[in-house]
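Beneath this line is the structure, given in structure tokens, with notes to follow.
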Amino acid sequence: MKVLVIGGAGYIGSHAVRELVKEGNDVLVLDALYTGHRKAVDPKAKFYQGDIEDTFLVSKILRDEKIDAVMHFAAYSLVPESVKKPLKYYDNNVTGMISLLQAMNDANVKYLVFSSSAATYGIPKKLPITEDTPLNPINPYGETKMMMEKIMAWADKADGIKYTALRYFNVAGASSDGSIGEDHAPETHLIPNILKSAISGDGKFTIFGDDYDTKDGTNVRDYVQVEDLIDAHILALKHMMKTNKSDVFNLGTAHGYSNLEILESAKKVTGIDIPYTMGPRRGGDPDSLVADSTKARTVLGWKPKHENVDDVIATAWKWHKSHPKGYEDK
């Protein structure tokens, strides 16, 4: 199968590329390298540098390479930044999706796996969150993901482009061999920031907010390991092509951990006492997000291998220890 991975040089996309290659697929990558890393891309994948909003380029790649399916990871994804710069997010994320669907329709490519988000749910009235939980995003990032899902649904009705939207909870960890992992600049995610602080010993790690409606006052999140996440993408693609139906799945472990619990787990995994300071809340952060992923486990046969957060952090630690400066290509 020929798969185009858009955003395939990014954190999650690069893991998808690697696993698709490992399974024997013919993999192509399109990435503008705004935030991604060329070094993260599996050398067996064919690489194009370009923007998802370049409809002509995307359409040409789809036609010339005779692509069977697309995986879409190319969206801005920082909640606080989206609150400060909403137009940047609507422009890139929503316009990018429209451009991609136009290109897919032009090239008669009918299968799309989309990187959606639990941010589409906003502040749920009850936990865990199922796929039927109402969508009510509280920040521009979550709203763009919701809009992208709705656009795909209309494109399915109008043009027959089938899609699977995978609503991620908090993605973490790295490849089990430690060769690729998370490298953002600036880094905003909790686990890599804790581990970077463990390596540097600078004592500059900050937890944002201790007045949330949770057991210890800090955010509670559901952490899904990145390789487990990619297993779900590949299962979803196969299921969609077999059934020729669009669908939506939550991807999480159904276990919620507070920021302070993650810090304690990181101390245990690393063997390092990691000091921290408590800062103010960040804009747009819900109190708790915990997934009910029964549907993915039942329909797709998804079986995450890293359900214990210590195991997730251990894979991230392996990457950060061996790559303390990330890919060093920026």
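Cβ atoms are placed via backbone N, Cα and C, with glycine included.
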Of the residues Y89, Y90, Y141, only one is listed by Swiss-Prot in the substrate site with S117, N170, H189, L190, T206, I207, F208, R221, R282, G283, G284, D285. Which is it?
Y141
Return the single residue from the binding-site residues list (A32, I52, A75, L190) that has the minimum number of other CB atoms within 10 Å.
A32
For Y11 (NAD(+) binding site), the number of other Cβ atoms found within 10 Å of its own Cβ:
24
Using only C-alpha positions, which one of S117, N170, I207, R221, D285 is spatially nearest I52 (NAD(+) binding site)? These are the binding-site residues in the record.
S117
Within 10 Å of the Cβ of G283 (substrate binding site), how many other Cβ atoms can be counted across all chains shown?
14
Where R221 (substrate binding site) sits in the secondary structure, as DSSP reduces it to three classes:
strand
Using DSSP, would you call G283 (substrate binding site) helix, strand or coil?
coil
